[in-house]
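Everything on this sheet refers to the single structure shown next.
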Amino acid sequence: MDPRRACWESSSEDVTRALLPVHDDRPTRARCCSGLGAVLAGRYLAVASGPAACALICGLVDLGGHPAARNMLGVLAWVFLWWITDAVPLAVASMAPLFLFPAFGISSSDAVAKAYMDDVISLVLGSFILALAIEHYSIHRRLALNITALFCGDPVKPHLLLLGICGTTMFISMWIHNTPCTVMMMPVTTGILQRLPRGELEGGSDAREAQRFSKAVVLGVVYASAIGGMATLTGTGVNIILVGMWSSYFPEQRPITFSSWMSFGLPMSLVLFVALWATLCLMYCSKNTGRALSAYLDRSHLRRELSLLGPMAFAEKMVLAVFGGLIVLWITRSLTNDIPGWAVLFDGKVGDGTVTIMMATLLFIIPSGKNDGEKLMDWGKCRKLQWHIILLLGAGFAIADGFKASGLTDILSSGLGFLKGAPALAVAPAVCLFSGLITEFTSDDATTTLVLPLLAELGKSIGVHPLLLMVPGAIGAQLSFLLPTGSPGNVVGFGTGYITIKDMVLTGMPLKVVGVASLTILLPTLGSLVFGMA
């Protein structure tokens, strides 16, 4: 059947339905209940919650004669409710500021549209294209199998195997978004775990040991992906949102570059990674685990899977070369005040997004070496681009601009004046805990978008460097280790069936504590040097 015809028929009305009203013998109550059920099933209540909250705020809240600020608060409630209730797709909810801001007089259509494409968004877009190239040529799988085979040991050493799997995941997540990293690594991991028994009745004590180790591996991939994302700007949307809002609110301050964030984020990630590895080993590995795994898994199995991939082709080498060159350009664009990076050659007009798009463009020019005229990438391979993440980031930047344009930032600043004089070292951990609590129930990007404008004004009000509060807010939003709802990566791991919510809570709580403690120590010390907060 012609697909267009099938699409037409599936979307058209039932041709057997009468054109004129006919008598219906069903009781009115049954029809009402059926209609109510249809409303509930169609999530119309969730859709209506956004406009209803906006109407209530615009009608009842008085911000002292600042209608634009009041409207901004109402629009924020509208968008945020659509985000957390999934009333409409995430991408659609993220586009709402494009029509809400002009309609409510917050900013012009041109001003809000510009927030959806800047250097930071270019950085994310180019990174996603590179990630798709890595996935298309199975480079992540080859890397994972190589490192896992290296750390597996003969006989199997569970602690080293965990270190290899988690370390590989963390490394990959540093350079691509943590959600695609989890999605790419989970099939590799579960492919290894398929050799292990799933049920406790299959093999007695050895099966139980194998099952516990399977939990450790899945939890390790999920959490290592989140931890690796903290290390670089490209690892997660939260860091991108922080950089965008920092430059938007404080354009006169020193910008956060790829290299400066990595100087702070990488040590933070390494501390959390060590805590993750130690927690998994203590909770899920015993002295009998190695003996139990040796019955099902050895290095030869991994090397056999690796041999099936064959030797590295020209296309894979070229993708790695482009990716490696981009990493070098990221790190060396801006080094220190005494040693300027290569960006000084262009009078500072070149950003991280510039080189990311440039290197991604090379993928569409360099031949793949397979077929005549075929390039490493074509636009057909980019159909899996995560546009919902890009639009979400744009919405976050638009909201940050809306806070300023509407005057809501000034109102918040005056309202938070009572915290003036509070010690920053006490406020920062509290901010991290607050953000870390919210992020367990909604996405880390949405949490960051909501919290960072408030923290920027809080920093002004209490007279401390805003990054002393904004960085803990961003880091706390990434510590979503307790519930599946905390991040898409958590959902991916939970969906494998290997782990339960109890496993996530027991394993994630120590990581959350270590995250807050390490941030409290590193931010006023290393952070002051890196970000110039002294």
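From the backbone N, Cα and C atoms, a Cβ is placed for every residue, glycine too.
As annotated by TrEMBL, transmembrane segment applies to 44-61, 90-108, 120-139, 159-176, 217-246, 266-285, 306-331, 343-366, 387-406, 418-438, 481-501, 513-533.
As a quick check, the transmembrane segment (159-176) and the transmembrane segment (266-285) clear the bar of 3 or more Cβ pairs under 8 A, pairs 6 or more apart, so the two touch. Counting Cβ pairs closer than 8 Å and at least 6 residues apart in sequence, the transmembrane segment (266-285) and the transmembrane segment (217-246) reach three or more and so form a contact.
The recorded stretches the transmembrane segment (481-501) and the transmembrane segment (120-139) do not share 3+ CB pairs below 8 A when only pairs 6 or more apart in sequence are counted, and are therefore not in contact. Counted as Cβ pairs under 8 Å, contacts with the transmembrane segment (306-331) are highest for 120-139 among 120-139, 217-246, 387-406. Looking at which of 90-108, 120-139, 513-533 has the most CB pairs under 8 Å to the transmembrane segment (387-406), the answer is the stretch 90-108. When each of 90-108, 217-246, 513-533 is checked for Cβ pairs under 8 Å to the transmembrane segment (120-139), 217-246 comes out on top. For the transmembrane segment (217-246), the residues of the chain that approach it from at least six positions outside its boundaries are 118, 120, 123-124, 127, 162, 165-167, 169-179, 181-182, 185-186, 189-190, 192-193, 253, 255-256, 258, 261-262, 265-266, 268-269, 272-273, 276-277, 280, 330, 352, 389, 392-393, 396-397, 400, 444-445, 448-449, 452-453, 456, 466-467, 470-471, 474-475, 477-478, 480-481, 487, 489-490, 492-493, 496, 498-499, 503-504, 507-508, 511, judged by C-beta separation under 8 angstroms.
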